[in-house]
Amino acid sequence: FCAPGSLKKKNADFSLLNGRGSYGAGDGSNGVPKLMDLLDEPVPGVGTYEDFNTIDWVREKSKDRDHHREIATKSKESALALMKSISDAFSGWLLMLLVGLMSGALAGGIDISAHWMTDLKEGVCLNGFWFNHEHCCWNSNETTFQERDKCPNWKSWAELIVGTNEGPFAYIMNYLMYVCWALLFSFLAVSLVRAFAPYACGSGIPEIKTILSGFIIRGYLGKWTLIIKTITLVLAVSSGLSLGKEGPLVHVACCCGNILCHLFTKYRRNEAKRREVLSAAAAVGVSVAFGAPIGGVLFSLEEVSYYFPLKTLWRSFFAALVAAFTLRSINPFGNSRLVLFYVEFHSPWHLLELIPFVLLGIFGGIWGAFFIRANIAWCRRRKTTRLGHYPVLEVLVVTAVTALLAFPNSYTCMSTSELISELFNDCGLLDSSQLCNYANVSVTKSSSDALPDRPAGQDVYTAMWQLSLALVFKMLITVVTFGMKVPSGLFIPSMAVGAIAGRLLGVGMEQLAYYHHDWVIFRGWCSPGADCITPGLYAMVGATACLGGVTRMTVSLVVIMFELTGGLEYIVPLMAATMTSKWVADALGREGIYEAHIRLNGYPFLEPKEEFSHKTLAMDVMRPRRSDPPLSVIMQDGMSVEEVESLIAETSYSGFPVVVSHESQRLVGFVQRRDLVISIENARQHQEGVVSASRIFFTEYTPPQPPNSPPPLKLRGIMDLSPFTVTDHTAMDIVVDIFRKLGLRQCLVTHNGRLLGIITKKDILKHMAQMANRDPDSILFN
């Protein structure tokens with residue numbers, strides 16, 4: 001999916017997580033105590049994490065509690081300390097305000113730029129090249145209502161180059177310019193991603209889910225990723241590829257959140273607190289993508305967040321509100337709406353219409369399951385064959401095919417957001433769209449704007465054929481587009497597939513009701529001359545069903561869709577379609593698209609929704625196995641600096657259990673490799689007399705030393721005195737629950753107090769893969 005070269009270089013680091021290597025541990029029983037007894041100040045770097053490691057939630061929460069305790073104690077001592085306490089409490093809300101403002105401003109800029117560059121493929125405005133087609137014609141005094149898309153100020157490329165917009169030569173010229181602009185935009189996008197920020201490709205949601213579960217991918221939410229993703233997102237959307245900007249906007253918002261965290265000490269130094277901010281930032285991303293603040297908060301809660309306390313819910317709500325307000329102030333679409341496809345339907349739906357709505361749900365579920373399987377198969381092929389070695393060529397070929405096939409069909413030539421807007425639209429008297437070109441019947445103007453059902457004209461039948469071709473095209477091209485080395489979202493293409501299918505079914509139902517209103521299913525509620533069926537509503541329900549089938553979202557999806565449309569009375573059809581699509585898709589395959597990509601990339605992510613139903617014990621999963629060498633341990637008072645350094649050099653584990661002695665194997669605590677290395681280096685530099693022969697003690701009191709021996713090194717402060725332990729007969733379903741709910745990196749296995757082995761998060765993932773008849777070595781970050 002997103003496997004840049006920089007990841008491969010770090011695979012050596014990731015081997016720290018392998019086998020009996022540990023994912024870290026909690027701190028001492030009193031939180032984070034003084035780190036080195038022989039130094040007054042904490043050692044810089046102790047308590048931090050390597051790249052491609054998992055954070056220890058228990059230790060981070062303990063650090064946060066100690067921080068609050070310290071501030072609360074000091075606040076009683078002076079007025080200045082009280083002010084610091086107040087500013088510390090307020091810093092979270094200030095950070096949310098900044099994240100909302102920054103994300104809203106960036107989203108507004110992306111919307112305006114993408115709209116302009118999409119129109120640039122068709123022509124240019126003579127009044128100012130920076131105007132898109134719509135704004136150019138707004139400013140013209142010669143534009144008529146009937147021909148509002150045509151104005152003297154807007155010239156197509158054929159008019160500028162050959163002087164006319166009629167005839168085959170003009171058509172070929174427009175076709176050629178459309179393809180050339182598309183290739184230029186996609187080439188710039190993939191080149192910038194490849195050269196400056198390999199992490200800017202894809203949608204980013206699978207990686208953000210993994211990061212929120214506690215994994216560290218340095219640079220994924222950095223400033224270069226933010227800059228390049230923002231620029232290339234505009235280019236990728238403008239190129240006409242079958243992708244959306246909604247998923248990548250979540251990544252952009254999370255980058256904003258991560259960068260702004262560095263302004264506040266509390267969030268800069270605590271990985272768990274930072275993940276609370278990132279959860280809120282994910283809500284902000286959906287808020288600005290769809291103009292749906294409440295839907296954004298629910299999306300973060302349901303789909304991406306691993307740990308979502310009540311405080312984060314309130315802050316997410318506030319940040320999403322600020323972001324939506326900022327976007328509304330920028331008004332990127334010029335219609336005082338937050339989204340391009342805001343619609344209002346005028347006629348209510350009838351109970352019998354639930355049958356076609358459920359059919360759309362079944363279609364959405366089948367399409368979702370098909371898409372996930374096809375896309376994962378294609379992405380796996382990209383990873384394992386030579387195809388993955390030529391990302392620029394792949395993007396250019398897909399862009400060329402997309403542009404060549406899209407231009408002749410007016411429904412694929414327009415941007416996908418405009419297509420969805422047109423499909424959602426409820427036909428009125430003033431609509432000039434092909435979809436609304438019904439045969440004329442005498443209309444008596446009623447108080448409502450709704451028009452009665454009418455027979456379809458020739459243009460509507462033409463539009464149906466074009467939409468059917470567009471449906472097949474979108475279904476196939478999206479499979480190969482999602483996962484290329486450009487920013488690519490999945491929300492809009494999935495909604496487009498569903499909206500096309502829904503509109504086709506809606507028009508079919510409308511014509512059925514017009515010509516056969518005496519049938520049993522229409523009798524009693526659909527009389528001649530009444531407005532019974534709203535095809536735009538079917539398009540909306542279809543869009544919801546397909547997006548639900550692909551992502552497996554439920555509550556958040558329904559809320560996003562009714563916030564999009566402003567139609568509270570259509571919640572029941574949306575709920576029926578969403579639940580049907582989820583049931584059908586789950587019956588055909590358990591994973592949503594994001595979980596499938598997480599597994600494809602081998603990220604260490606414990607899916608909270610997945611049940612563990614096997615009857616295995618901790619002793620079946622722990623390392624070392626019978627054929628393995630014994631567990632690498634450190635004795636609490638019997639090892640020299642040289643012995644510990646050689647143990648670190650010979651192994652690649654992330655941490656070591658501390659025991660009383662090799663004979664007894666009684667567990668004392670756990671120490672992280674990184675903390676051990678940093679503390680020994682620091683002692684050699686700052687403490688006189690520390691040499692390779694110096695003894696290392698993890699005991700509370702240092703025993704008397706021989707007269708001429710070098711000074712000892714006391715490292716009890718960096719040891720976790722209360723590591724999580726389970727007995728060898730603990731059921732694995734309980735162990736998996738402990739790992740999920742506490743966010744552990746590792747758990748030690750004991751028998752009658754004696755250390756037997758260790759279980760890491762990666763061991764659990766490998767065991768779960770094995771139980772599901774999958775290759776356990778697929779859990780290898782690539």
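Cβ from N, Cα, C; glycine included.
TrEMBL lists transmembrane segment for one of the ranges 490-509, 530-549, 730-749, namely 490-509. Within the set 308-327, 388-407, the record from TrEMBL flags 388-407 under the feature transmembrane segment. Contact between the transmembrane segment (463-484) and the transmembrane segment (249-265) does not hold: fewer than three of their C-beta pairs are under 8 Å, each pair 6 or more apart in sequence.
Long-range neighbours of the transmembrane segment (249-265) within the same chain, counting only residues 6 or more positions beyond its ends whose Cβ lies under 8 Å from a Cβ of the stretch, are 91, 94-95, 98-99, 102-103, 106-107, 110, 203-205, 207-208, 211, 221-223, 225-226, 229-230, 233, 274, 277-278, 280-282, 284-286, 288-289, 304, 323, 487, 489.
Of the candidate ranges 90-110, 175-200, 351-376, 388-407, 175-200 has the most C-beta pairs within less than 8 angstroms of the transmembrane segment (221-243). Residues 2, 4-7, 117, 120-122, 157-158, 161, 207, 217, 219-220, 222, 224-225, 227-229, 231-232, 235-236, 238-241, 391-392, 395-396, 399-400, 402-404, 407, 413, 484-487 of the same chain, all 6+ positions outside the transmembrane segment (175-200), place their C-beta atoms under 8 angstroms from a C-beta of that stretch. For the domain 'CBS' (622-688), the DSSP counts in helix, strand and coil order read 24 helix, 17 strand, 26 coil.
Computed over the domain 'CBS' (719-776), the whole-number mean pLDDT of the model equals 89.
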